[in-house]
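Comments concern the structure below.
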Amino acid sequence: MNQEVMNLFNPTAPTQTFDQIKISIASPERILSWSYGEIKKPETINYRTFKPERDGLFCARIFGPIKDYECLCGKYKRMKYKGIICEKCGVEVTLSKVRRERMGHIELAAPVAHIWFLKSLPSRIGLLLDMTLKDLERVLYFENYIVLEPGLTSLKERQLLTEEEYIDAQDQYGEDSFTAGIGAEAIRELMMALDLEKIAADLRVEIAESTSELKPKKLAKRLKLIEAFIESGNKPEWMIMTQIPVIPPELRPLVPLDGGRFATSDLNDLYRRVINRNNRLKRLMELRAPDIIIRNEKRMLQESVDALFDNGRRGRVITGANKRPLKSLADMLKGKQGRFRQNLLGKRVDYSGRSVIVVGPELKLHQCGLPKKMALELFKPFIYSRLEAKGLSATVKQAKKLVEKERPEVWEILEQVIREHPVLLNRAPTLHRLGIQAFEPVLIEGKAIQLHPLVCAAFNADFDGDQMAVHVPLSLEAQLEARVLMMSTNNILHPANGSPIIVPSQDIVLGLYYVTIQKDNEPGEGMVFGSVSEIEHALAVKAVTLHAKVKARYTTKDADGNSYTEVVDTTPGRMMVGELLPRHPNVPFDLVNRLLTKRDISKMIDVVYRHCGQKETVIFCDQIMALGFRQAFRAGISFGKDDMVIPEEKAKLVEETQTLATEYEQQYIDGLITQGEKYNKVVDAWAKCTDRVADVMMQKISAVQIDPETKREKQINSIYMMAHSGARGSPAQMKQLAGMRGLMAKPSGEIIETPIISNFKEGLTVLEYFNSTHGARKGLADTALKTANSGYLTRRLVDVAQDSIITEEDCGTIGGITVQPVIEAGDVIVSLGTRVLGRTTAEDVMNPATGEVLIPKNHLIDEADVDTIEEANVQGIKIRSVLTCEAANGVCGACYGRDLARGTPVNMGEAVGVIAAQSIGEPGTQLTMRTFHIGGTAQVVDSSFIESNHAGTIKIVNRNVVKDSNGVLVVMGRNVQVQIIDEHGGERASHKLTYGSRLKFDDGDKIERGQRISEWDPYTMPMLTEVNGIAEFEDLVDGVSIREVADEATGISSRVVVDWRASPRGSDLRPAVVVKDKNGKILKLANGNDARYLLSVDAILSVDNGAAVHAGDVLARIPTEGAKTRDITGGLPRVAELFEARRPKDHAIIAEATGRVEFGKDYKNKRRIIVHPVDESLEPIEYLIPKGKHISVQEGDVIEKGEFILDGHPAPHDILAISGVEELAAYLVNEVQDVYRLQGVAINDKHIEVIVRNMLQKVEVTSPGESITLPGEQLDRAEFDEMNAKLEAQGKTPATAVPVLLGITKASLQTRSFISAASFQETTRVLTEAAVSGKVDQLVGLKENVIVGRLIPAGTGGMLQRLRGEAQNRDDKILEDQGGATPTASTEIKEPAEGAA
């Protein structure tokens, strides 16, 4: 107790507030200033007395007493001797916790190189001295001498000499004529002799004068390091240590176990080795031992210090007694178990508990059920203080007894304590911020936590044994934040897409679906009801059923808020739901007057939230939930095996397809089609068959059946109800239950040709069962692997985006990006309205027909505006985007737009970066877990025709078509587009036509909805002739460039172009088909070139030598890949590839300028393509393309800047360089969205944009102007702008730079904050780099602040920082006003302050 009393009298000094943290290399003086004494002996603790040995690693004299206020020998005990140093044992009487703070040091007998600066690549010592790492190690580990001072001899400075050479040189030149050294001492002398300023100046000159490509890069690296040393004030020789600090003993504890053994930290072993070797070296030096022995001892000392700092970085790993590698200081920081990630970013929490969750349907949305036992334990301190306040107990001990006995008054007090005190519930894995929410606890019996059913979706929880953790917010501020920000009722919308996340599912959906069914000829049809109570009465006496068609009176409000009633045609069930709807003019009864599926319910909740606000929505959701559960229970829906109806038509359909497959097989045997074409066709046929069986089955199951006697409709099929309502199951699963399972994929992703004809009801044959195991097993394996991958992706995303915070209301930029609807194969997949909802306009939005302003600029687009945009049929809108935001640090509110989770403009201090990362990462994990649900059934992703979705007139842009010999229109151009124009002349749809597709309509034709515009063969890419004439082969040498490939199965041969470069004879062949006229002259094409069509490898010839061809005929076909299934497996790695900005394997080659294409002279095995730009001032651009790749342009084509010369995925860096930031952003956003859309996951574009903004935070200097930067140097965009602003202020030429795209891992490691980077990856490298350049961390991001233990500068934590900043500015202004007479003085004071910081 006396300890506490004392603490009242001397309150501990509050920790000093600090604004930044600097890291640099410790000088020997600095190390000594930390130390409380030198450690001379390797001993630790006396094993009999358990007292620390004097001058040893645990010495009490150096580090402080073991017991509070008690010296070692026991002469001084108690507080009153505080601060006295005992004359007998030399220990200061003070708190024992100083043993956690005080450091010691070891005085080394010989200097030692710090391994981090030596071995962490690039080696800093090596760069400084301009020596290779190999040479350095030779000197440091005593293999070679190095010449320090050649004197008048013919030796060179820094020349390495072996032992023999050194002795020879001494003999030859005399011992004193030159100096050579060995070991760290020699390196240290070289370091001390460096004149950094001079070297820097020399290097600058050298870089300016150098002509080669690589040299300046190398020199620039060295120059950068030297400048870092000059700027930071670090001295190079500090990288060689003469003292070693020893960390406090409590941080490397030694604990006696029973049985006389000790458990110790590995560091003690490592320190002991260093001390032993150091002492031995000292003794040998005193004894004047032979040089070779001393050298050996010094080498061993160097090795032991290396092991202490970073064990295993060089040479063998030092192991302990049990053969396990010892954990060195570097290992303490590194990795998931290191200091950063284990203790600083991932702390454990007191006042928490965990238990299994069960469903609590009678809870309100803001409540959770907390077991009494748990609550009693968690709220103990509150209960104690209440007991004391009420006078029921005098001491804490008494209170403890009362609580342990569980007296009745304790329960009463617990009820009081718990009232209005929210608790946090968390379910691991916490993938997004909705994984932790606050609830008000309700005490319950039992041992399981009760959870409200509607929040399950947010937690991704189910009740099959999931556990959840409970945390108690203690302080008033914490309770306030929990209630205002984290309460489940405040988190109704999903932060990723702004749709409601509190959506009923499963039983509730089924109940609501059942209630809203409408049937004919029910008892009570046509009755009229005046109120809901009448309906309830009628239902109770069975005068009417839930599903009867009746009329009823519904009361609602008009726009002025007055009530009025209307009579509606509805059913009693729908009236029950309608009764719960909040009354509002914009919430019509039509919302519930329909068959409610999950999607309708979600829409209904969304509408209610937008118009009636949060409170109404929460009440409404709770009521719907209760109704849904009650009705599902009353309905008693169940299903049996007979509910799975297998259609009779199945046998017929299967038989038809079987004959088709046999027919294709026969065609293949006859040699009419290739193996690949047969495979594709068979797979196609079976996929169609499966779909048709599924359709027939769905019609069968969903058909309404009438009972002949009562004329009433029969009960709807239960399985259909479940799937159709969205409660459970999907058509895909029903197809497998009662249709046919269909095609299966091999583990490689290829589709097996033979489908599974049976369904689960019939049962699979052994062979079918075996085929289906592939998919099932792959699904399970995928799940395990990808959960980890997805988690890692989220971690990288969070790390790159963590310092994107809303820092200002509006940055005032005029920039923005233009957004258009997403159209695929003519379908509008994402409408323009959906894409711009919640964004700020960058320009006025005009009505394309009338030209009037629909929405002014700088206006936040809401739902009403979206309707306006859709009605006016606007095609594109320029909106503000975080990509073009000009806020100095963070992002501004106007560029970000709406906060999706609240539906309001985003607040200041919102951590939008983390929200973006979670929104992208969270579904990744969800999706990876969802691969095996469809049991690996293959879905062929393919389209081979375009259908019109609108009626209108056809308009063909860049029309380049010909009629072939059959009179069919064939597309000959690569950028032909077809547009459908409505009667007002507005463009309804636009499709790009593939080369070689067959057109059904021509320019100006009328088209109806659903008619096919064009068709093409999806399996091959044709090569067409543009002129009529006679086809002749060129360079098609049998056996070299062309082979008759006889199909093994059929014996029929087709002529295939083979890789002609493989044989020596074919090296200069250029296989082609030329078209000649009757006289044998090569015909000319429209663009003036010869009609020569170059062939690529694997092309299959379709014409014979000398055959007559007609324009538009196919000369050759190039087979495309077989259909592989796409599932998120392709997805997750694809998302990672995009965010990491990797170059794809076969990346596309993009034209850098608009120009004419010409084929140059081939180079080895590459084709040379030259683009002659239209703009005369530009040089022609050459591209080398591997032969055999199919090039999508012909000689003489005009290609636009940004178009593909070689198809494939484009490399994002190319898009940035050629088309700019906006194009790059559009590409990345669309590609990422494609992956997620395939899985039906909605993510708002702005989240992806936030990540892309952080990938573009660096710029590369192109011309340095008058700055001190170097060409090719990468700078932070903010740093670059600051630098240029300073240069302009001084009237100097500013530097110019281009944006650089970095992958997320690289961008995270290159943030301005070294603390954040070190806690992410490659800790050693980051810290080494930061220390050398004396980096300062300004603590602006979230992560750095968590690590140093401060509030994060976002949300409520950001408020304090802003206030402090404002106060600081105010003070500065006042000082400036007061010192108005002498402004110069104040500026002078400021300069060194900046420098000092």
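Just so it is clear, glycine is given a Cβ too, placed from its N, Cα and C backbone atoms.
These figures come from a predicted structure and were not determined experimentally.
Copied over from Swiss-Prot, here are the features:
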BINDING   CYS71, CYS73, CYS86, CYS89  Zn(2+) 1 binding site
BINDING   ASP462, ASP464, ASP466  Mg(2+) binding site
BINDING   CYS811, CYS885, CYS892, CYS895  Zn(2+) 2 binding site
REGION    1368-1397  region 'Disordered'
COMPBIAS  1388-1397  compositional bias 'Basic and acidic residues'
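Features per Swiss-Prot, on structure.
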residue: CYS71; record: Zn(2+) 1 binding site; DSSP class: coil
residue: CYS86; record: Zn(2+) 1 binding site; DSSP class: coil
residue: ASP464; record: Mg(2+) binding site; DSSP class: coil
residue: CYS811; record: Zn(2+) 2 binding site; DSSP class: coil
residue: CYS885; record: Zn(2+) 2 binding site; DSSP class: coil
residue: CYS892; record: Zn(2+) 2 binding site; DSSP class: strand
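Set side by side, the binding-site residues CYS71, CYS86, CYS811, CYS895 differ in how many other CB atoms lie within 10 angstroms of their CB, and the most is found at CYS895. Least packed by the Cβ count within 10 Å, out of the binding-site residues CYS73, CYS89, CYS885, CYS892, is CYS73.
Taking the binding-site residues ASP462, ASP464, ASP466 in turn, the residue surrounded by the fewest other Cβ atoms inside 10 Å of its Cβ turns out to be ASP464.
Taking the centroid of the Cβ atoms of CYS71, CYS73, CYS86, CYS89 as the Zn(2+) 1 site, the other same-chain residues with Cβ within 8 Å of it are LEU72, GLY74, LYS75, TYR76, GLU87, LYS88, GLY90, VAL91. Apart from CYS811, CYS885, CYS892, CYS895, the Zn(2+) 2 site neighbourhood in this chain, defined by C-beta within 8 angstroms of the site C-beta centre, holds GLU808, ASP810, THR813, ARG880, VAL882, THR884, GLU886, ALA887, VAL891, GLY893, ALA894, TYR896. Distance noted between the C-alpha atoms of ASP464 (Mg(2+) binding site) and CYS71 (Zn(2+) 1 binding site) is 59 Å. You'll find the Cα of CYS71 (Zn(2+) 1 binding site) roughly 53 Å from the Cα of ASP466 (Mg(2+) binding site). Counting only the Cα atoms, the space from ASP462 (Mg(2+) binding site) to CYS895 (Zn(2+) 2 binding site) is about 38 angstrom.
On a Cα basis, ASP466 (Mg(2+) binding site) lies 46 Å away from CYS811 (Zn(2+) 2 binding site). When the alpha carbons of ASP466 (Mg(2+) binding site) and CYS89 (Zn(2+) 1 binding site) are compared, the span between them is 58 angstrom. Closest to CYS73 (Zn(2+) 1 binding site) by Cα-Cα distance, out of the binding-site residues CYS885, CYS892, CYS895, is CYS892.
In this structure the alpha carbons, written CA, of CYS885 (Zn(2+) 2 binding site) and CYS89 (Zn(2+) 1 binding site) are 66 Å apart. If you take the Cα of CYS89 (Zn(2+) 1 binding site) and the Cα of CYS895 (Zn(2+) 2 binding site), they are about 68 angstrom apart, rounded to a whole number. Annotated pair CYS892 (Zn(2+) 2 binding site) and CYS86 (Zn(2+) 1 binding site), C-alpha to C-alpha distance, rounded: 62 Å. The separation of CYS86 (Zn(2+) 1 binding site) from CYS895 (Zn(2+) 2 binding site), Cα to Cα, is 67 Å. Using the Cβ center of ASP462, ASP464, ASP466 for Mg(2+), the list of other same-chain residues with Cβ within 8 Å runs, in sequence order, ILE357, ALA461, PHE463, GLY465.
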